[in-house]
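Student: Mind having a look at this structure? Questions to follow.
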Amino acid sequence: MNQFLFGLVLLIGLMLPPVARLMESVMIIHMHMQMPMLVIAGFFMAHLFLQRYPQFFNKYNQNGVPGILLFTIIMAYWLLPRTMDEALTIETVEIFKFVSLPFLAGVPLRDSWRRLSKTWKNNVITLFTVVFLGMGWLYIQSNDQLCNNYLVIDQVILGWGFITMAICMVIYLIYIFAVDPSQYE
Amino acid sequence: MQPALKTTSIKQKTTQVLGISLEDARISKSYLSVAFIALLLGGLLGLLQGLNRAGVLQLPPWLNYYQVLTAHGILLVVVLSAFFTIGYFYAGLSHTLGGLLPKVRKMAWIGFWMKIFGFVLVVIPILRNEASVMYTFYPPMAASPMFYFGLVFIVLGVWMLSFGAFTQVANWRRNHKGEHLPILAFFATGVFVLLVGATAFVAVEVIFMIIPWTLGWVDGINVLLARTLFWAFGHTAVNIWYLTAVSAWYVVVPKIIGGTRWNDLLTRMVVIPLVIMNITGGFHHQIIDPGISESIKYMHVFMSLAIGFPSLMTAYAMFRVFERTARAKGGKGLVGWYKKMPWGDVRFLAPFIAMVAFIPAGAGGIVQSTNQLDQVVHNTMWVVGHFHLTLGMSVVMTFFGISYWLVPYLSKRVLTPAMNRLGVIQTVIWTIGMVIMAISMHIVGLFGSPRRTSFTTYGDFAEKLGWNPYMALVGIGATLLLLAVILQVYAVFNLMFFAPKGTTEFPIAEEEAGAEKTPYWTERWGIWVVLMLLVVSMAYVLPIVDMILNAPPGSPPFKTW
């Protein structure tokens, strides 16, 4: 219950208009801070759903793959420059953001992550690493304004944000492959 | 008892029963000797500055105020703190992990001589008045290139020592599968991870920006970027010294007062967030810098205050441990249990005063990381007062307290009652001196007296003359502090070479009886490091890309002195 409340308070906090406006005023904070925090809010709230409806999750997400697929689709959708623009200009899309990221990405992520095998987990991280490198390249080299609401410099900054995050994931993958936990645990 | 210590290997038990091996002791003694010689020199230079600012001493042109200030900062903030931290943690690693590996010893010595070589290169231009750039060496002030080459060697030395520590820890973990790293080694791991992370930033600043610029290979330097890289290092460095002191508060002090350690999981949960969130705190040193938008500064206040949270946990934990221990010894009443604390024991008294000092010191830090409040005190003597409270009291007094058992432990001697009494006197003098100095610095800073400024009456301008009584108090404080420094250095070398032979224990408190087992996830350092990198990249990518892409033409080097 505590975890659910923490997630709910985080979600409500992020939805407060002044907070949302501040975070959305900077492109990279919009995409790399607000959106992941919404997923994290869902991740925490998932605790209650997993307790209350274990049957539902067992039935539809037996091996974790459907859940991670849903997570990936939602994340991919919110990676598009146009969706970010629409979130700022169309209210229903903004509402969809605050619903989809916690409940359709955060919740299935938590349920799937405990079900997925190690290989699946590493593949998911590798997929996002490649996607982030690609998005970084797109945002850095594009001379055109991809979002109506943000300047080109914001795009470049976001691009570098993608690259640095991808580097962190590469370091993590190297750590996973290079260090054999059975030597230590 | 901690599970990791339950199944200690024979080697580990030998180290703990027979004491530290001579080779390991020599490493730590060398580091501590350099640290306390730096304290003596730095303290002496501190007195010269204090007397200068008090208006009673005109420094000669061949040793001017800014030279003295640069050397004072480097000797105390870099040499004393770094050498003490390394000496202390290497002794701790040797003690808790069953002696240093031969290759780790070799790495420790290579690191030692690299650092010494670096410091020689740094000191020469300072003495020749070619590097009066203060310890922050902000461009566009440019020192002689030799100064920066010296810094490079210091950083290389730090990396060598950090990788030595990682090698030692990895080896121990391979031989103790599934066990928790002993708590002092856990702190050491956190400290060395932060040392590598922090110095990486300053290495980029010095190697890729400042050195090509002072050698004339490039015309200009991006001042804002250089300052940002510096503070990613500078702020973390200060927090590393603080984390070192905190390790003694959690691990050593409870043993000295005859109690048990605070909850193991919560202790580790103080180290982990401090490691993950520390580096990004550097931005609050740049609250007044132009070129960083207000919304970024606003968001970075969160990162700075986030570091305050583990400190608040520590404050609670420490006083809970004190109360628990004192009540177990028969202490009664709301505050009456304080009588049961070993006030006459310098090994407790010095770190205790250090902890108390962190209350106003931490509060002052919050003032400085708050935009509007900082505008009043930025670059004034307030800031100097603040870091004399944090470093000069919270950190250094803990180091002093440690020295009264660590040095005799290393030299296989004992702390005599007479030396303990001297330590108590030294602690009291230091406390009085530092309180007088830090309070007057804070007050005169609020009145607007700038830091890093040689004595001047501003043409006898009446308002500025009102600062002088406070500056006189700074001089008095500095005098008392030098007296305390002399006593401290005497105590250290007496305990190292002349005190009676005997056995001194390395005091490591045990967990409370029946304590819950700590979950194993605390040991996943790889994950903590990746999280640290993620937080750093999220915090820095926006301002740094902006600083680079929207950079002004860059500044040529200036020699302002």
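Keep in mind that glycine also has a Cβ here, set from the backbone N, Cα and C atoms.
Grabbed the feature section from TrEMBL, which reads as follows:
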- B:21-493: domain 'Cytochrome oxidase subunit I profile' (DOMAIN)
- B:31-51: transmembrane segment (TRANSMEM)
- B:71-91: transmembrane segment (TRANSMEM)
- B:107-127: transmembrane segment (TRANSMEM)
- B:147-169: transmembrane segment (TRANSMEM)
- B:181-211: transmembrane segment (TRANSMEM)
- B:265-287: transmembrane segment (TRANSMEM)
- B:299-319: transmembrane segment (TRANSMEM)
- B:348-367: transmembrane segment (TRANSMEM)
- B:387-407: transmembrane segment (TRANSMEM)
- B:428-450: transmembrane segment (TRANSMEM)
- B:470-493: transmembrane segment (TRANSMEM)
- B:525-545: transmembrane segment (TRANSMEM)
Student: Against which stretches of its own chain does the transmembrane segment (B:265-287) lie, if we need a Cβ under 8 Å and a gap of at least six residues from its ends?
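Tutor: Result: 183, 186-187, 190, 193-194, 197-198, 201, 227-228, 231-236, 239, 243, 246, 250, 296-297, 300-301, 303-304, 306-307, 309-310, 313-314, 317, 368-369, 371, 374-375, 378, 516, 518-519, 522, 528-529, 531-532, 535-536, 539-540, 543.
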Student: Among the recorded stretches B:71-91, B:107-127, B:299-319, B:470-493, which has the greatest number of Cβ pairs closer than 8 Å to the transmembrane segment (B:428-450)?
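Tutor: Answer, by Cβ pair count: B:470-493.
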Student: Taking the transmembrane segment (B:470-493) as reference, which of B:31-51, B:107-127, B:525-545 has the most Cβ pairs under 8 angstroms?
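Tutor: Between the stretches B:31-51, B:107-127, B:525-545, B:31-51 has the largest tally.
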Student: Quick check: do the transmembrane segment (B:71-91) and the transmembrane segment (B:387-407) share at least 3 Cβ pairs under 8 Å, counting only pairs 6+ apart in sequence?
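Tutor: These two stretches do touch.
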Student: Need a quick answer: max count of Cβ pairs under 8 Å to the transmembrane segment (B:387-407), which of B:31-51, B:107-127, B:299-319 is it?
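Tutor: Out of the listed stretches, B:31-51 contacts the transmembrane segment (B:387-407) most.
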